[in-house]
Amino acid sequence: VGEDSAAFELKDQSVASWAYFAGILGAVLVALNVLWIDPSTGVGTKFLDAVASVSDSHEVVMLLLTIIFAVVHSGMASLRESGEKIVGERVYRVLFAGISLPLAVTTIVYFINHRYDGTQLWQVQGITGIHELLWFSSFISFFFLYPSTFNLLEVAAVDKPKLHMWETGIMRITRHPQMVGQVIWCLAHTLWIGNSVAVAASVGLISHHLFGAWNGDRRLLSRYGEAFEVLKKRTSVMPFAAIIDGRQKLPKDYHKEFFRLPYVAITMLTLGAYFAHPLMQASSYQLPW
């Protein structure tokens, strides 16, 4: 019933498709910079100024940015089936990404630039082993966060976008890995930073992903009906719950589902993102956000 997630066979890949994907990605990044990020040409600064005018509190602005992104992102996901009937799967996916991505970038950059501006609530940096624990937690979180990239060519609308019922790999642990990964990431970063801005960001993000888990189940049930009910019975939202109570039957070679190129790629990208933190912070500081 469920689909094999993270399956990647080189023989099935098209060089032309991945070249097209690279071209689209480059064009999107250029357009994002010109139309949104660059203060001299984009409207991102005006958008943030409008949101920031609501309150002088960084916590309130952080929460508002997260709510705006959540409403747009989840709203467009909910309207996907109707929207695709009007404009088609590929056009709707482009619109979905084109609207969601700028809002996500603004929210992330604002968090980076203002993460230490709130009221300090606790301080754990001096506790032995806490950095290593939170680093490992953040690293693990990306193995849960990344399943949205199982279908990269569909994300970029190179391949026809579909609504998938993944079941193997990380999905055996939880059928909503992105929600679980976001909770882990938020708790780790909030514990490390320990202030009110980090708490506001985490409350917004975790709430959005909890709603997204419910909304995702609702959409899959609407699309697949009884087939999704079968999948739902042998998977769980709570990590490992379906495995522990025996509803999820692991095959003898289940570990092979993790020895796949997408998992290797996310390992490298996660390590790269960690070491690129100073670069990301420097880039964020250049914006008046």
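Backbone N, Cα and C atoms are what each Cβ position is placed from, and that goes for glycine too.
Look at TrEMBL and you will find 18-37 (among others) tagged as transmembrane segment.
Look at TrEMBL and you will find 57-79 (among others) tagged as transmembrane segment.
Summarising the annotation, TrEMBL assigns domain 'NnrU' to 61-280.
Marked as transmembrane segment by TrEMBL: 91-113 (among others). If you look at the transmembrane segment (91-113), the same-chain residues 6 or more away from its ends with a CB under 8 A from one of its CBs are 28, 32, 35-37, 44, 47-48, 61-62, 65-66, 68-69, 72-73, 76-77, 80, 83-84, 154-157, 161, 197, 201, 280-281, 284-285, 287, 289.
Annotation source TrEMBL lists transmembrane segment at 133-158 (among others).
The transmembrane segment feature in TrEMBL is assigned to 179-206 (among others).
What TrEMBL lists as transmembrane segment is 258-276 (among others). Long-range contacts of the transmembrane segment (258-276) within the same chain: residues 6-8, 135, 138-139, 142-143, 146, 149-150, 169-170, each at least 6 residues beyond the stretch ends and with a Cβ under 8 Å from a Cβ of the stretch.
Long-range neighbours of the transmembrane segment (179-206) within the same chain, counting only residues 6 or more positions beyond its ends whose Cβ lies under 8 Å from a Cβ of the stretch, are 58-60, 62-63, 65-67, 70, 111, 114-125, 130-131, 134, 137-138, 140-146, 173, 212-213, 237, 239. Beyond its flanks by at least six residues, the transmembrane segment (57-79) meets 48, 51, 95-96, 99-100, 103-104, 106-107, 110-111, 114, 117-118, 196-197, 199-201, 203-205, 207-208, 211-212, 215-216, 219 of its own chain at Cβ-Cβ distances under 8 Å.
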